[in-house]
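Enquirer: Attaching a single structure in structure tokens format; questions to follow.
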Amino acid sequence: MATIQSETDCYDIIEVLGKGTFGEVAKGWRRSTGEMVAIKILKNDAYRSRIIKNELKLLRCVRGLDPDEAHVIRFLEFFHDALKFYLVFELLEQNLFEFQKENNFAPLPARHIRTVTLQVLRALARLKELAIIHADLKPENIMLVDQTRCPFRVKVIDFGSASIFSEVRYVKEPYIQSRFYRAPEILLGLPFCEKVDVWSLGCVMAELHLGWPLYPGNNEYDQVRYICETQGLPKPHLLHAARKAHHFFKRNPHPDATNPWQLKSSADYLAETKVRPLERRKYMLKSLDQIETVNGGGAVSRLSFPDREALAEHADLKSMVELIKRMLTWESHERISPSAALRHPFVSMQQLRSAHEATRYYQLSLRGCRLSLQVDGKPPPPVIASAEDGPPYYRLAEEEETAGLGGVTGSGSFFREDKAPGMQRAIDQLDDLSLQEARRGLWSDTRADMVSDMLVPLKVASTSHRVPDSGPEPILAFYGSRLTGRHKARKAPAGSKSDSNFSNLIRLSQASPEDAGPCRGSGWEEGEGRTTSTEPSVIPQREGDGPGIKDRPMDAERPGPELFDPSSCPGEWLSEPEWTLEGIRGSRAQGLPAHHPHPHGPPRTTSFLQHVGGHH
């Protein structure tokens with residue numbers, strides 16, 4: 001067993017858990033504390049020295065935050081010898097992508113998506129206070145801490161691509177964001193700010209619900225095309241100012257057209273670049289509103305007498321889609337800020353409480369958020385908003401009547417305990433939560449069964465009666481799953497996740513917009529800074545059905561290295577055993593593989609550590 005030593009500590013290397021393009025990650029035992037840690041090991045040379053310099057600078061800035069309260073990974077120390085660099089981090093369990101893959105990419109209920117979103121928004125709000133743009137937010141960079149002890153408690157990792165806003169705003173060609181989660185201002189070459197992270201988070205939220213990336217573009221043209229087909233064309237003034245607009249758009253030949261720009265056709269793009277556009281979406285949405293109709297979300301609208309639990313879940317899903325729409329806007333100044341998003345009814349659960357407080361769904365949602373924010377059984381410290389953000393931006397609905405300025409009661413209780421009758425019983429059943437409670441039957445063995453389960457909504461109440469469907473349905477464009485189906489699984493390339501050589505990122509050359517003065521609104525949006533635009537506020541929507549598919553889609557790959565030929569970067573949808581759920585008991589546990597908790601041992605780390613190792 002090898003041993004490495006810093007100036008202040010000594011580490012015993014237990015095993016190497018992952019190797020990447022620029023280094024490896026090992027699980028080590030820290031002698032001074034007796035804790036297991038993750039050690040990223042890189043070669044000590046001039047090239048890697050330049051790469052690691054930025055990450056170290058950002059890690060030291062973030063080190064001033066409380067990593068548990070700010071939901072960022074704990075950085076322990078950095079040291080080096082003549083041959084290697086060493087970065088030591090706390091040991092986390094697995095990232096959201098690996099969690100999805102373990103669970104066959106089944107859709108995550110809205111209440112769990114809220115729990116994750118709340119924590120990531122808190123992290124982004126803290127990073128904004130330090131003027132830091134994470135610039136690579138995606139499921140791989142959101143880590144579950146310990147799913148057995150703290151369900152859906154997460155932390156943001158990987159600051160190798162992060163930037164300090166004041167330093168990057170005038171840089172000619174910074175590298176930021178992975179393609180699936182890349183903001184429009186980065187795609188088009190427009191001024192950008194920290195709201196690029198908000199766009200990425202909106203894409204992650206949609207992906208957790210869909211079980212598939214919302215915009216899985218094979219290249220930047222496909223990425224822009226997918227966004228346009230769902231959200232409409234960007235406003236003309238954006239394209240007039242965009243440095244890269246001519247890559248994806250052309251002038252409209254019709255002088256009377258409302259928009260002087262039009263998206264280049266697939267044939268135009270093929271003729272110009274010799275690259276054939278691909279169709280890799282699972283759902284071809286004609287608007288973001290259609291997100292709520294996917295995976296059984298539209299079942300309630302087709303039932304005459306849905307029960308109150310189904311109504312509560314449907315209302316929550318609808319509220320989540322409203323927040324996603326505020327996050328995914330073409331114009332960054334119209335996009336919701338992290339602090340304002342923390343006041344959104346979906347995150348605060350205000351509407352859910354007012355209309356569905358007596359439901360088990362609400363109580364479980366509240367309990368899940370509460371547990372994710374507590375550390376060692378203690379409530380989180382108060383979050384005080386800056387003057388420009390208006391009122392305190394974090395407050396769950398249950399706190400409204402008892403919370404002070406910081407969102408904590410005077411007695412120190414984080415939530416009121418005088419709960420409605422039966423609530424405690426519901427809380428006690430948290431361990432019995434299932435990721436597919438409202439979507440049983442997703443564990444089909446065949447592709448046809450999986451597609452059928454996703455298309456046929458669950459019968460919510462046995463006494464319900466179906467009524468004719470209302471409203472358009474999204475087009476199911478990809479039949480199969482990320483793990484099974486007719487497409488051959490391919491091995492993921494080394495370092496294909498988030499390499500710190502920025503190989504999966506892009507260049508752009510723009511200045512950042514000046515900060516706009518706050519424009520006070522009302523309700524939960526009070527305090528969100530906005531700017532006004534002389535252009536119409538409504539983004540034109542594409543009409544008609546989605547484009548016909550000429551090529552069968554390939555498995556939706558994670559964004560691969562941009563500096564290489566895309567055809568040489570295979571996808572990562574690898575086969576895994578059937579997924580296991582935490583805490584399933586009774587008859588629902590029958591037929592599911594056994595899960596081995598680890599209350600007395602180190603959590604699973606392979607996925608996270610391989611990712612960290614692949615970063616360099």
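Backbone N, Cα and C atoms are what each Cβ position is placed from, and that goes for glycine too.
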Enquirer: Which one of Ser337, Ser512 shows up in Swiss-Prot with the note phosphoserine?
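Expert: When Swiss-Prot is consulted, phosphoserine appears for Ser512.
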Enquirer: Would you kindly give the Cα-Cα distance separating Asp136 (active site, proton acceptor) and Leu17 (ATP binding site), rounded to the nearest Å?
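Expert: It is 23 Å, counting Cα to Cα.
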Enquirer: Tell me, by DSSP, whether Leu17 (ATP binding site) is helix, strand or coil?
Expert: strand
Enquirer: Have a look around Val25 (ATP binding site) and count the other CB atoms within 10 A of its CB, chains all included.
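Expert: There are 28 of them.
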Enquirer: What is the interatomic distance between the Cα atoms of Val25 (ATP binding site) and Asp136 (active site, proton acceptor), given in whole Å?
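Expert: Given the Cα positions, Val25 (ATP binding site) is 20 Å from Asp136 (active site, proton acceptor).
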Enquirer: Tell me the coarse DSSP state (helix, strand, coil) of Asp136 (active site, proton acceptor).
Expert: coil
Enquirer: For Gly23 (ATP binding site), which DSSP three-state class applies?
Expert: strand
